[in-house]
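The feature transmembrane segment is assigned by TrEMBL to A:19-36, A:48-70, A:76-96, A:108-127, A:139-158, A:227-260, A:267-286, A:370-387, A:399-424, A:436-455.
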Amino acid sequence: MSEALSAALPPVKRRNAELVMLLFAIGITLFALIEASLTRNGEMPPNLFLYGGLFGGLALLAHVFIRFFAPYADPLLLPLATLLNGLGIAMLWRLFEATGDTSRGSAMDQLILTAASLVVFAAIVYFLKEPRVLQRYPYITALTAVFLLLLPLIPGLGMTINGARQWINLGITSLQPSEFAKIALVIFLSGYMVTKRDVLSLVSKPLKIGRVKVLDLPRMRDTAPMAVMWGFCIIVLVILMNDLGTSLLLFGTFLAMIYVATQRSSWIILGLTAFFGACVMLYPLVPHFRTRVVTWLDAFNPEVFCTDEVIANNADAFCVQAGQNSQQLVQGLFAMGEGGILGAGLGGGKPGHVPEVQNDFIFSAFGEELGLTGLMVMLLALALLAQRGMRIALASRELFVKMFASGISFLIAFQSFVVIGGVTRVIPMTGATIPFVAKGGSALLSSWIMLALLVRMSNNARKPAPVAIQDEGATQVISR
Amino acid sequence: MNKPIRRLAVFSLALFGVLLLNTTWIQAFQADWLREHEFNRRDVAERTSLPRGPIVVGNEQIATSTYNEDGEYYQREYPEGELYAHPVGVFNPMGNFGIEQTHNSYLDGSDESLMVRNFLDMLTGTEPQGASVVLTLNPDAQRAALEGLKAYATNGRGAAVALDPKTGAVLAAASIPTYDPNSVADLSDVNTSVENWNKLADDKNQPLLNRAFNELYPPGSTFKIVTAATALENGHTIESTIDAPASIQIGGSQLPNAFSGPCNGGAPDSIAHSIEISCNTSMANWAIELGAEALHEQATAFGFNSGPMDIPVRVTESSAPLEPDDNLRAQMGIGQGQLQATPLQMAMVAAAVANDGTLMQPYLVQEILGPDMSEIESTTPKVLSEAISANTAEQLTQAMILVTEGDEGSGKTAAIPGIQVAGKTGTAEVGDGDTHNWFISFAPADDPQVAVAVVIERGNASGGTLAAPVAKAIMEAVINGE
């Protein structure tokens with residue numbers, strides 16, 4: 001524990017610093033709206049005061065709320081989330097409201113969802129005084145996670161959008177339960193691994209080649225949780241639901257957390273071997289997985305891109321056979337290339353060239369209009385958010401909270417990597433959402449839930465240690 | 001537990017590091033490749049999303065941009081149709097050609113010289129506009145050139161160029177067959193535009209080729225002006241004589257006159273008379289006499305052998321190679337053999353003689369005006385070379401006047417009543433029996449306002465009958481217009 005104490009932060013509140021940064025984030029959002037509107041339509045945004053008042057007001061309310069109920073929370077968290085959320089709204093406004101076509105989404109919807117998410121944010125910060133209570137029911141949480149993940153498979157309720165079966169239809173709105181399942185999974189894994197930590201980290205069976213010890217492997221029976229996790233990610237998510245993004249995200253987070261709990265690299269080696277082994281196995285068997293890999297590696301091949309010429313003359317071409325092509329990916333890259341270093345300015349580009357630009361490829365729209373400079377800001381904001389989360393994990397005293405905070409932070413980082421890496425052709429496109437930026441209620445709400453948890457844990461980690469108000473030997477009265 | 005958390009923190013930072021590096025690679029280093037990738041159709045839409053500045057001839061806009069409400073793009077239109085197709089070019093889905101290409105950055109407003117203005121426009125909310133490009137062309141001369149070619153080019157192919165000899169400004173540049181740029185620029189029906197374009201590109205008569213600037217012909221007898229200039233620059237006078245029989249022996253074959261018989265009744269003929277009647281044998285003898293170096297140098301001074309020229313549209317290089325072989329040089333002296341010249345090159349020869357021997361750099365763009373009509377750039381006439389002395393020019397002019405006015409003149413069809421015209425005919429053998437018919441001239445001889453070169457491809461007649469009337473019409477258009 002002495003290690004944890006030394007890493008603890010001094011108990012300062014720094015709420016005024018947060019306020020200044022928050023005003024900055026709100027200001028950037030409003031300027032982004034103004035720029036988009038002036039460039040695109042040559043006039044001030046007609047609803048500027050509505051957006052300014054609603055978005056700015058909500059963010060400031062969140063700040064005031066933190067002042068009262070989590071005064072020691074990390075001052076960077078709320079401004080970073082506000083900046084990302086605000087940029088997302090501004091870009092959606094530019095894509096939909098500014099062009100007059102709101103049939104595929106709108107910034108106003110996103111703003112209303114932001115408001116709803118902030119209510120949930122406040123509720124969690126207010127009611128969840130001690131995050132460790134979440135540790136109490138690990139198996140119920142696990143069941144909840146599995147249930148949420150499987151919901152879309154229920155006929156009549158589940159919906160397939162863009163090839164992936166990860167939505168449920170609630171009549172008035174649709175929901176992406178996997179966004180919440182991943183948080184539930186992190187809660188479960190934190191609790192589970194804190195209890196099983198010793199077994200998972202200490203008991204081992206050396207793997208020897210001849211007389212040389214190569215690796216300390218866990219015992220067979222201790223690998224059960226990993227086997228379950230692996231089976232779930234591969235069989236259910238990849239094969240049944242075509243949800244490669246969630247699969248990658250969950251398994252990656254699982255590996256990160258088991259590493260934090262045990263500090264054993266053999267788990268990672270084992271996990272990666274199993275995962276990539278499965279990928280190699282699935283490659284010839286699962287067509288939609290193969291399509292993703294081919295469109296990634298061979299994106300600029302005319303037969304994969306599907307040029308008009310190929311469609312007209314070559315019925316055997318990959319894209320004709322698979323019914324999939326790399327146009328979205330390549331158009332996204334073209335958009336980023338067009339943006340260059342400084343970008344075309346919000347409203348100055350042609351993001352409409354990228355199909356479905358409002359989803360994952362909103363990143364390429366930012367790249368086109370804000371350029372490399374803007375993307376760096378966005379990436380650094382996401383990186384900073386994840387790093388502050390890790391800092392909370394370091395500063396916390398309870399094992400569960402350490403696991404939980406690092407799990408959530410890694411989730412934010414890895415999720416960003418999976419989406420943005422897919423869009424920029426570092427890894428195959430799998431489909432996930434950029435935290436806080438992406439369009440859609442489920443993604444936004446889950447992002448703000450994660451932020452609420454981080455705010456709460458950071459407040460608890462940084463607030464002054466309880467002091468005895470009277471010293472009467474063994475029985476002390478402690479103020480919290 | 002802090003150690004693995006720290007490692008995890010470093011790992012997640014590394015993930016962002018990968019993304020940052022990759023984004024930098026794409027947007028900073030790969031960007032140009034991506035922008036120019038063949039799958040990238042953004043520029044087509046990009047190109048038509050802003051109004052293009054007009055191209056102006058005289059006081060008339062001959063290329064304009066009109067907004068199409070339905071398609072939300074700007075359609076390029078050419079109100080004069082085929083008239084200016086060759087020098088101006090076209091802006092269409094296949095690309096930019098001619099002036100539309102060379103001055104694209106001004107027309108679309110992306111040029112650096114327009115940047116401050118565009119930035120101000122952006123601030124004030126005015127829609128940014130391209131600059132206007134004002135050409136040197138003279139609408140009457142251009143029309144006379146195209147109509148003349150159509151009337152006299154018996155098989156539909158030919159070219160005509162007119163220059164202002166004092167400045168080098170291109171007054172007319174016509175080439176037939178031509179095409180209507182509107183038929184290949186229609187964005188409302190891109191497929192038909194592309195189809196029409198491909199049809200033109202595949203046509204064996206090459207309607208897309210600007211013959212005035214980019215086709216090479218043997219110049220025939222019009223080159224005798226260069227041969228004569230070489231003689232005058234090397235100590236001879238217009239009255240100097242040389243043997244001029246009916247035919248001379250070169251190598252294994254005969255080089256006869258176009259008309260049967262000697263040029264001066266068998267006696268040595270003067271340069272002046274040889275030009276007037278277009279004598280082959282005397283000029284071939286001069287070429288042999290003067291030597292390879294002198295002829296090559298004089299041709300170079302007139303603009304041959306000087307590489308392609310951008311005026312600003314590309315003009316193909318005309319060539320008069322160093323010809324040490326006497327027999328081949330005799331051919332060159334009368335405009336045959338290894339000689340190749342564009343119509344513009346031959347107009348430059350006439351222009352240099354007209355301008356007291358000073359050859360001006362030809363140019364097609366007079367000035368570039370900003371959207372508010374303020375001048376951004378304007379062309380100042382520039383001397384290309386001192387081709388011949390003023391004295392030589394004067395003597396050649398007198399000889400060339402005889403071509404249109406002399407009793408035996410070969411180009412009387414170019415004579416304009418009341419105005420002295422200096423000219424030279426040419427009939428160039430292609431080698432398969434056909435002939436190209438040339439005429440180069442300038443007028444008025446004492447104060448030249450226009451220098452012209454006309455070629456009728458495979459007209460199979462004389463330069464006097466086919467090309468001279470076209471040249472006359474162009475010269476009249478320029479002189480009467482002023």
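Quick reminder: no glycine exception, Cβ is built from N, Cα and C everywhere.
TrEMBL does not curate its annotations; it predicts them automatically.
Computed from a predicted structure; not experimentally measured.
Of the two recorded stretches, the transmembrane segment (A:370-387) lies close to the transmembrane segment (A:76-96), with three or more CB pairs under 8 Å once pairs fewer than 6 apart in sequence are set aside. Spatially, the transmembrane segment (A:76-96) is adjacent to the transmembrane segment (A:19-36); three or more Cβ-Cβ distances between them are under 8 Å for residues at least 6 apart in sequence.
Stretch with the most C-beta contacts under 8 angstroms to the transmembrane segment (A:227-260), considering only A:48-70, A:139-158, A:399-424: A:399-424.
Tertiary neighbourhood of the transmembrane segment (A:399-424): same-chain residues 4, 131-132, 134-135, 182-183, 186-187, 189-191, 193-194, 197, 245, 248-249, 252-253, 256-257, 260-261, 329, 332-333, 336, 360-361, 363-364, 379, 382-383, 385-390, 392-393, 430-435, 438, 450, 453-454, 457-458, 460-461, selected by CB-CB distance under 8 Å and a gap of 6+ residues from either end.
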